[in-house]
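I'd like to ask some things about the structure below.
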């Protein structure tokens, strides 16, 4: 992208008090990324104040600062003081990158589970219709031409605007974003012209951050208040999502669907599952559509339906979308099979909530020849209240449970395992070392057993303390399967 030069006062017009103006050639929220001409937006963090890094940004060449307090700066450094740095960051980014002027149709998906799959399925459907899409979420920043990682499900708002501007410059006309609860309350979608959104489901997660389910649900509901929103898709089989329907603004079209018998559903879906995929009849607006997915399980069907209805709301022909759905592929780390030639069926999955654990086991159960195993742990420094609930979901859904570590961070792994065992008192194995736990489970399984390794999915790290060590469930499982063949 060509370098732009914009006055700080222009970027911040009507947003705050401009103490001194300056020419701006770029925007950063990380002082370490500042360079000559940068505008450093001093966003407050969870443990640090953004203003504590102003001197570092200036030392690296920043020419302007946005902060929530006045400060002494060299005379050549511009300064704008605002009351809420987070709230205005997206507007500043939009003005600098001019994302409001670009022809980019932007969609957003929130929900406890299913965000990544739905966003990836949106991109696949558009690709099948020869329409390129950019995606932002757990799997990083993705374009048809390449990929770059992201540290958050919903990245920093400046990085999102930067990426979408780059996508538009490459003639990409669609973007699909994951909207996490953190991202919504921290204004990471501000300034984006999101026209269609979806809420997949809401179950317990992130209470370490939000405190209560009421606050968590309220965070998810913020997606309904996005400026420019024209349509929203709701999975009405989830009670918490169904309860949000009255909160949808009158000028926003609602398409609610059910796989059951929800009375006020706009679309009713009847499904049959088999070992090779899913067949469904979709009743919508007086018509019936036959859908055949090469993907196994109810959660894949729900996420596909969400994607189909979102694109229908954007004006694409539903018949074309249904046909394209027959060519969909699985999403990395979402019920992904490892080692097809083994005498045990091994899957890796991102399930890391009680509901997700229960659902993945429910999906696999009809395909199991003998016993169903689950290997999982719970993250450290995260919502502790869900640990026994995950243990209970595993104990109720699997024949054999293997407990292990999953990003213990600063917590004692044995304490985390103790918390899980409150809900799962009879685990087959309890092994802190995740690699050893995976190998032990695969070696102990009998021919015809099915084993799911839950929690990490696509991730390639194990975080212990403050160090991220290379780790892939997929690679460890494949190595264990190779060892099993030689045993």
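Cβ coordinates are placed from backbone N, Cα and C, and glycine is handled just like the others.
Pulled the feature table from TrEMBL, pasting it below:
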- 111, 112, 113, 114, 115, 116, 117: ATP binding site (BINDING)
- 382, 406, 407, 408, 409, 455, 459: meso-2,6-diaminopimelate binding site (BINDING)
- 23-83: domain 'Mur ligase N-terminal catalytic' (DOMAIN)
- 333-457: domain 'Mur ligase C-terminal' (DOMAIN)
- 220: N6-carboxylysine (MOD_RES)
- 406-409: motif 'Meso-diaminopimelate recognition motif' (MOTIF)
I need the CA-to-CA distance for residue 409 (meso-2,6-diaminopimelate binding site) versus the residue listed as 'N6-carboxylysine', whole Å please.
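So the alpha carbons of residue 409 (meso-2,6-diaminopimelate binding site) and the residue listed as 'N6-carboxylysine' sit roughly 26 Å from each other.
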Please report the Cα separation of residue 459 (meso-2,6-diaminopimelate binding site) and residue 116 (ATP binding site) in Å, rounded to an integer.
13
Highest Cβ count within 10 Å among the binding-site residues 406, 459: which residue is it?
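Of the binding-site residues 406, 459, the most buried by Cβ count within 10 Å is 406.
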State the non-local partners of the motif 'Meso-diaminopimelate recognition motif' (406-409) in its own chain: residues 6+ outside its ends, Cβ under 8 Å from one of its Cβ atoms.
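Distant Cβ neighbours of the motif 'Meso-diaminopimelate recognition motif' (406-409) are 352, 376-382, 416, 434, 455-456, 461-466.
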What are the non-local neighbours of residue 114 (ATP binding site), defined as same-chain residues 6+ apart in sequence with CB under 8 A from its CB?
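Set apart from residue 114 (ATP binding site) by at least 6 residues yet with Cβ under 8 Å, we have 200, 201, 299, 302, 303, 306.
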Setting 382, 406, 407, 408, 409, 455, 459 aside, what same-chain residues sit with their Cβ within 8 Å of the center of the Cβ atoms that define the meso-2,6-diaminopimelate site, listed in sequence order?
352, 377, 378, 379, 380, 405, 456, 462, 463
Three-state secondary structure of residue 112 (ATP binding site) from DSSP?
coil
Restricting to the recorded positions 111, 112, 113, 116, 117, 220, which ones have a CA within 10 Å of the CA of residue 382 (meso-2,6-diaminopimelate binding site)?
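So the list reads none.
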Applying the rule Cβ within 8 Å of the centroid of the Cβ atoms of 111, 112, 113, 114, 115, 116, 117, what extra residues of the same chain belong around the ATP site?
109, 118, 178, 200, 201, 303
